[in-house]
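Can you keep this structure in mind? I'll have questions shortly.
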Amino acid sequence: MEALTLWLLPWICQCVTVRADSIIHIGAIFEENAAKDDRVFQLAVSDLSLNDDILQSEKITYSIKVIEANNPFQAVQEACDLMTQGILALVTSTGCASANALQSLTDAMHIPHLFVQRNPGGSPRTACHLNPSPDGEAYTLASRPPVRLNDVMLRLVTELRWQKFVMFYDSEYDIRGLQSFLDQASRLGLDVSLQKVDKNISHVFTSLFTTMKTEELNRYRDTLRRAILLLSPQGAHSFINEAVETNLASKDSHWVFVNEEISDPEILDLVHSALGRMTVVRQIFPSAKDNQKCMRNNHRISSLLCDPQEGYLQMLQISNLYLYDSVLMLANAFHRKLEDRKWHSMASLNCIRKSTKPWNGGRSMLDTIKKGHITGLTGVMEFREDSSNPYVQFEILGTTYSETFGKDMRKLATWDSEKGLNGSLQERPMGSRLQGLTLKVVTVLEEPFVMVAENILGQPKRYKGFSIDVLDALAKALGFKYEIYQAPDGRYGHQLHNTSWNGMIGELISKRADLAISAITITPERESVVDFSKRYMDYSVGILIKKPEEKISIFSLFAPFDFAVWACIAAAIPVVGVLIFVLNRIQAVRSQSATQPRPSASATLHSAIWIVYGAFVQQGGESSVNSVAMRIVMGSWWLFTLIVCSSYTANLAAFLTVSRMDSPVRTFQDLSKQLEMSYGTVRDSAVYEYFRAKGTNPLEQDSTFAELWRTISKNGGADNCVSNPSEGIRKAKKGNYAFLWDVAVVEYAALTDDDCSVTVIGNSISSKGYGIALQHGSPYRDLFSQRILELQDTGDLDVLKQKWWPHTGRCDLTSHSSAQTDGKSLKLHSFAGVFCILAIGLLLACLVAALELWWNSNRCHQETPKEDKEVNLEQVHRRINSLMDEDIAHKQISPASIELSALEMGGLAPSQALEPTREYQNTQLSVSTFLPEQSSHGTSRTLSSGPSSNLPLPLSSSATMPSIQCKHRSPNGGLFRQSPVKTPIPMSFQPVPGGVLPEALDTSHGTSI
């Protein structure tokens, strides 16, 4: 603007200092808020002054007056002042009120008046109903064409087949201008609603929520899906933003913005803020050819106004352009008047005097102007009989998606005053929109979704991965190409404190990309600002941890049982041993009085059952245990040892297996309870936001998420969280850290790990998925979703998944899937039943032993003594052993002191007498006999030694001993039954010089008498 002012300064000075004798002088009246009108008017005069082909040596002088907006009285005063100076024509750019007042004045003074209507506050223009001239001669010419917006809107809603819609207008818009439109819409049966929008846009929607019920608000929301906005560009932008923020707008909303005057940047602002489809109607002007863009007939226009590269043309308003062409129209009229030599000099007119006559050259000048035909900045300009400029053209823009700028506007059709609508407002079929297009794709590196492939120096980067394969399949099916680039910050997208977004979502919002693809999850927050296709892969959160190292312990053999179990087993051994010892003692005492021979091991039923039971408990039934109590003890102990050994073997195998598969964390609950391992995720990611929402939700009943969030958000996430997934994976591989991230990503990291040192614990926490993000309101969304569903139905997506997540890879992820939390030692309560069985067996054995003792003692008392008795040599041997413990066995026994009482042999039964006599060949055997103690004898008897072995051994007592039945153990463990001796017989005896033989002291050796 400063450059323009400096460029205009010399010409302004020239106009001020022009010769006083100039015959061309025009006046101009502008409103104070129309600074550009003033500058463009001066620039137009300067351009014409430099053009000798039009005015030759004559120059145009001018006088400018500035008035307040909508002040007709001031406008008349300033116009009268200009007429007093003497003017050939009056050029004005005002509102309708001032224009009506100036029309009456110029009609009375016969001063040609070229009027350019201004937009009131940027709102759409309505027609100015000028007062008719009393004598039928109208000196006011409307340089700007009449308003034709009603005709364009009616054709537009007809083409769109709208039956019900709402029209919003602001306070600057004259509702009377819609009367003709409403009349025609009513005749067509259209349901049209009108609503005024205050300057405070937010108050409009706030009042809706406070005054309407839910049902009414839903009906209003449905009506708002089809809306025409008769607002200023700034007002429309605020209105759409407020509708989107209050969720009154939807993705299928269609906004039609109607305004003759809106710039390209303002259109882009509307498109980017709108949710749904946007249609814009604005006035356009024909463009000249490139080599004649600044030439209009025989006039060259300043490059500031005709060259788009200068940039100033985009800043001009429509009224500025018509103002320039109005000056050009006057110059051409002056040129023709000079050529015809029908020039009328200017006259000084006084508006106040009643006797003042109008300018006599006014009629001729008006006719010359009305016959003019020029081509200027606005195209063709000429005036018809009704003093209006009929040539006007509109363009209709619709939402589209360009390969460079994303969501954009394209020209759908045009409308002009002669041909009407040229083009179609119907959207093209979706299938034809992607054919041949090149889409801009933004991505983020995330294995295995998107990875950098091997690149050639100097060529664009190439990418590979699961998402790239999906994108290639879609591109092949839909026929489009794509250019891919990485997000500058490498993030997926997170809403910042200033409500803006970073990452790939920010790229889509700013229209720098058409779509975004990577391991991006579909979340409600992201769906509020961008669109998503159908999910092409399910999503869940997993835990990546380092595999636990194998535990080695030399005392691992004690691990299967708890310490209390080992203690009880150790205590049971001596208890059972003592009980067996006692029962053996009792059995030995009982055997002294046993008179019946014992059958073989399997001769009785209970013995056979005992053999079967021994085989069952893997001990064998051939033991010589005959006592019932002993069998109960041994049976209980064998069952106890069988159960203990079997349990030990099974639990040891399981314990050693678990020690190799030990994983301390299996669920999020386990992770929140343990304190040894830290855990976290990527800051400002979807997983981070999920845990924050769950952890800070007061209605969440599960305290697990609250505990997880406290650890994750510690120190603002700086302690445990990472900046990107790669850092989290590296940290998990080092150990003592659990990385919470997408299962698909961490599974791939575990499958491709060089050392296979990490594992994944899957834990589905949400029903989300991975999708393709597109710009908000993108028409490609449904097309992408349809193709993704087709890929799923044909199984192509499963093939791609198997390519990047093979079931059988170098690393096995299933080896830890069934592992328990840790190896459990069997506690004492697990073995309580076994110990109870043993205790019951021991108690039962004690009871049976007591009953046996009682029974045997009673039976011995009831038996009468018999002549034929048996001497239990085994008992005698034990008795002698006890005596030998008292050092008797260590004394030398003199051979001369040994006597052996003769046994009676006459009482032998015939069968017994025929028993063969056992001969011992060893003549050096030392023989001792042990007889029951007598009252007159000691514990030992002496035999008189003699030189010959055949000497008779006299009895030490003349009394004859009673008949005694003796038993001793045979070498095979059985008992020999000896016949009673009736008659004393001599026995040969050979003394042993060396003393007592050791065998004589051993109770295991039997002695035959």
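Cβ atoms here come from the backbone N, Cα and C positions, even for glycine.
Remember, predicted model here, so these are calculated numbers, not experimental data.
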Is it the same side of the membrane for Tyr62 and Leu853, going by what Swiss-Prot records?
no
Please work out, from what Swiss-Prot records, which of Cys306, Cys351, Cys568 forms the disulfide with Cys80.
Cys351
Scan Cys15, Cys96 and flag the one Swiss-Prot records as disulfide-linked to Cys128.
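Matching partner in the record: Cys96.
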What's the CA-CA gap between Asn200 (N-linked glycosylation site) and Val530 (Ca(2+) 1 binding site) in angstrom, rounded?
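It is 28 Å, counting Cα to Cα.
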Determine which residues of the same chain, besides Glu527, Val530, Asp531, have their CB within 8 A of the center of the CB atoms at the recorded Ca(2+) 1 site, and list them by sequence.
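For the Ca(2+) 1 site, the extra neighbours are Arg526, Ser528, Val529, Phe532, Ala773, Leu774, His776, Arg781.
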When a 10 Å sphere is centred on the Cβ of Asp531 (Ca(2+) 1 binding site), how many other Cβ atoms does it contain?
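Asp531 (Ca(2+) 1 binding site): 23 neighbouring Cβ atoms within 10 Å.
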Who sits close to Asn131 (N-linked glycosylation site): which same-chain residues at least 6 apart have their Cβ under 8 Å from its Cβ?
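Spatial neighbours, sequence-distant, of Asn131 (N-linked glycosylation site): Asn100, Gln103, Ser104.
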Cβ-Cβ under 8 Å from Val530 (Ca(2+) 1 binding site), same chain, 6 or more residues apart: which ones?
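Counting only residues 6 or more apart in sequence, the Cβ neighbours of Val530 (Ca(2+) 1 binding site) under 8 Å are Ile505, Leu508, Ile509, Ala516, Ala773, Leu774, Gln775, His776.
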For Glu527 (Ca(2+) 1 binding site) and Asn498 (N-linked glycosylation site), determine the Cα separation and express it in whole Å.
18
With Asn422 (N-linked glycosylation site) as the reference Cα, tell me which of the recorded positions Asn498, Asp531, Asn724 is the closest one.
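Comparing Cα positions, the closest of these recorded positions turns out to be Asp531.
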Between Asn498 (N-linked glycosylation site) and Asn724 (N-linked glycosylation site), how many Å separate their Cα atoms?
23
Tell me, by DSSP, whether Asp531 (Ca(2+) 1 binding site) is helix, strand or coil?
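Looking at the DSSP assignment, Asp531 (Ca(2+) 1 binding site) belongs to a strand.
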In sequence order, which residues at least six apart in the same chain have a CB under 8 Å from the CB of Asn724 (N-linked glycosylation site)?
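Long-range Cβ contacts: Gly490, Val682.
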Reduce the DSSP letter at Asn724 (N-linked glycosylation site) to three states and note it down.
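Reduced to three states, the DSSP call for Asn724 (N-linked glycosylation site) is coil.
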